[in-house]
Ligand code: KG4
Ligand code: ZN
């Protein structure tokens, strides 16, 4: 099915890979609506996302979000030229809700379906804020679910995974350490705030996968569970000795360890691949120290940084719609209607 339209394509994007139900609508590279319903509050008391609860919440939020997005954009579903949806990676049941909705719309409206990769969509969304992606772009995705370095010669056809976390995602580490320090969920913003009054050099916490030997095997990979354990032990030792825990210093020193290793590896990847453009996505991109250190280190290395606005960095449907619209514009064939949700979709596969 090809699209015959002289104006830029109107694309609806559906995101449901984790705990956010996102519906985005774009016309070409212009954002018209970005409706996000989060089920985060329902998971807080369990200390993490419960897949069954997330799936049910997607089911309940899908149609109201779709209606709100159409109202905000001032469009009717029948105006839409193509439907894009996250097919993976993510939680299987959660993905299935979005994929089923997208297939139903595709059949009912007789419009092509683009099943896309969630991580590629995180990179593509920057087109909305800063225009076409430079080729190549290095993507650094840091959130509660991801810590990835992606080398992207062409966002439509060529996305290569350089590195990943081998244990916790970096946002997860922020959330777990916040709990150890008695700070509320989500931990990232609270650690960021607490760290403002602390000394980042007070405690020398470990930098994961950074020794010469580690770098041979895991040059672009990340590990945060050793750091989390180290902070937990440090705090427990203090408490056992009946001494007060200097929350601001621990927060600042922990945060420094995380952003030091992330920024070092991102700059290293850019240098190795002779890539002078770094795109940063995911909720942790809001971290003030990460932003400052990236600016300092990328500035020295001559690397330009692109960070979309926060509402586009966290999981949303606009990023899916943006990648869909880009694929349409590039004349890429849509997905088959039986494209499956793929919870472990390979990072380098842009479309299902
Ligand atoms: O992309 P996101 O909203 O969603 C998921 O990954 O589900 O990212 C959320 C993560 C949480 O772990 C949160 O603690 C972290 O991003 N985060 C931050 C900051 N703001 C949010 N981490 C560090 N510093 C921040 N300012
Ligand atoms: Zn995400």
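A Cβ is built for glycine as well, from the same backbone N, Cα and C atoms used for every other residue.
Note that TrEMBL annotation is computational and uncurated.
Record features (TrEMBL):
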- 31-321: domain 'Gcp-like' (DOMAIN)
- 118, 122, 315: Fe cation binding site (BINDING)
- 141, 142, 143, 144, 145, 175, 188, 192, 287: substrate binding site (BINDING)
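Shown on the structure are the features that TrEMBL records.
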residue : record                 : DSSP class
118     : Fe cation binding site : helix
141     : substrate binding site : strand
188     : substrate binding site : helix
287     : substrate binding site : coil
315     : Fe cation binding site : coil
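Each residue contributes its Cα atom, and for residue 287 (substrate binding site) and residue 315 (Fe cation binding site) those atoms are 16 Å apart.
Within 8 Å of the centroid defined by the CB atoms of 118, 122, 315, the record's Fe cation site, lie the Cβ atoms of 15, 17, 86, 119, 121, 141, 143, 145, 146, 281, 282, 316, 319, 320, excluding the listed residues themselves.
Neighbour count (other Cβ atoms within 10 Å of the Cβ, all protein chains): 28 for residue 122 (Fe cation binding site). Residues listed for substrate, 141, 142, 143, 144, 145, 175, 188, 192, 287, cover a largest CA to CA span of 18 Å. All protein chains included, residue 143 (substrate binding site) registers 22 other Cβ atoms within 10 Å of its own Cβ. In terms of C-alpha distance, the listed binding-site residues 118, 122, 315 place 315 closest to residue 188 (substrate binding site). Residue 141 (substrate binding site) and residue 315 (Fe cation binding site) have their C-alpha atoms 11 Å apart, to the nearest angstrom. On the backbone, the CA of residue 143 (substrate binding site) and the CA of residue 315 (Fe cation binding site) stand 9 Å apart. Averaged across the domain 'Gcp-like' (31-321), pLDDT in this predicted model comes to 97. Checked against ligand 1, the binding-site residues 118, 122, 141, 145 give 145 in sequence order as having a Cβ less than 6 Å away from one of its atoms.
Comparing the binding-site residues 145, 188 by how many other C-beta atoms lie within 10 angstroms of each C-beta, the top residue is 188.
A Cβ distance below 6 Å to any atom of ligand 2 is met, among the binding-site residues 141, 143, 188, 287, 315, by 143, 315.
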